[in-house]
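What follows is a short report on a single structure.
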């Protein structure tokens, strides 16, 4: 069933319902009619597509010729062979292109000034782009796709800047970051090595409490020091106690100057002279324990005073120049302790 509803622009706003078989007699040239097509029509075994069904606006003319043209257009859309497929691409098309919702407008070049054709269609979907015919962006106020909208220079909120980076640029950026990290790591390693080297060269920069005395080896060559020396020295008798033994032990400490260098040490009791001579003849160790408890002796420096003669008062006299040193400078071994009133100096470490 096809019905016409008058949408004329006359002052009386007449409403007419005319059957499709009756003649169409408009009152004015500016009248518009709403045509409703509810049936399927076939032409050459072809069915009217769903996009061509719905409401159609028709504008009438003043002469029967216009009526005949409208009747021909009505028959054309009753039995179409997809006539609107290329409507938006023709030079006479005035519409927004094919879309599932919206409206299309087309007018003939011979009557573009007086009559036109408007077709309204219903359905779901979005708006087509006015330039390329693709689906336009939903929120675009220019009714265009993003590419066409940006190419025309329109300021639209749908122009979102893409955060995608090509794979080649990503690899280049990763290589640059890796090279920068390696360079920073190498710079840090060089700084650490330089700092460690400075600490080794400058022992005073160490945070240890005990400082190492610099060792001067100048003049310690064998040619500058004689194998035997006769000199006079003062031997001071001291009483020492061992940590492992409660019994006290007597020892002598002395210091001599040989070749401009000071040699100092403590002489421990090695037992009776006959026993010591037997041990030396037998090849025994002169630093073994004595008769006072078998205490192990350290810093046995008898070479410098091997030729000295010990008296009962603790004084040793020998031929040679008189060179006496303060006995309080003589250190004691770490494994022993001296009686009260005796100063203790730890021995210096040799390199």
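Any Cβ shown, glycine's included, is placed from N, Cα and C.
These figures come from a predicted structure and were not determined experimentally.
Pulled from Swiss-Prot, these are the features on record:
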REGION    1-23  region 'Disordered'
COMPBIAS  11-22  compositional bias 'Low complexity'
BINDING   129, 145, 149, 156  Zn(2+) 2 binding site
BINDING   129, 132, 140, 145  Zn(2+) 1 binding site
REGION    170-219  region 'Disordered'
COMPBIAS  175-193  compositional bias 'Low complexity'
COMPBIAS  204-219  compositional bias 'Polar residues'
MOTIF     258-261  motif 'Required for homo- and heterodimerization'
REGION    286-320  region 'Disordered'
COMPBIAS  303-320  compositional bias 'Low complexity'
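Under DSSP, residue 149 (Zn(2+) 2 binding site) is assigned to a helix (H, G or I) in the three-state scheme. Its Cβ taken as reference, residue 149 (Zn(2+) 2 binding site) is surrounded by 23 other Cβ atoms within 10 Å in the chains shown.
When the motif 'Required for homo- and heterodimerization' (258-261) is classified with DSSP, helix, strand and coil residues number 0 helix, 2 strand, 2 coil.
The binding-site residues in question are 129, 145, 156, and the one with the fewest Cβ neighbours inside 10 Å is 156. Shown for the compositional bias 'Low complexity' (175-193): DSSP residue counts in helix, strand and coil, namely 19 helix, 0 strand, 0 coil. The record gives 129, 132, 140, 145 for Zn(2+) 1. Within 8 Å of the mean position of their Cβ atoms, the other Cβ atoms in that chain belong to 128, 130, 131, 134, 135, 136, 137, 143, 144, 146, 147, 148, 149.
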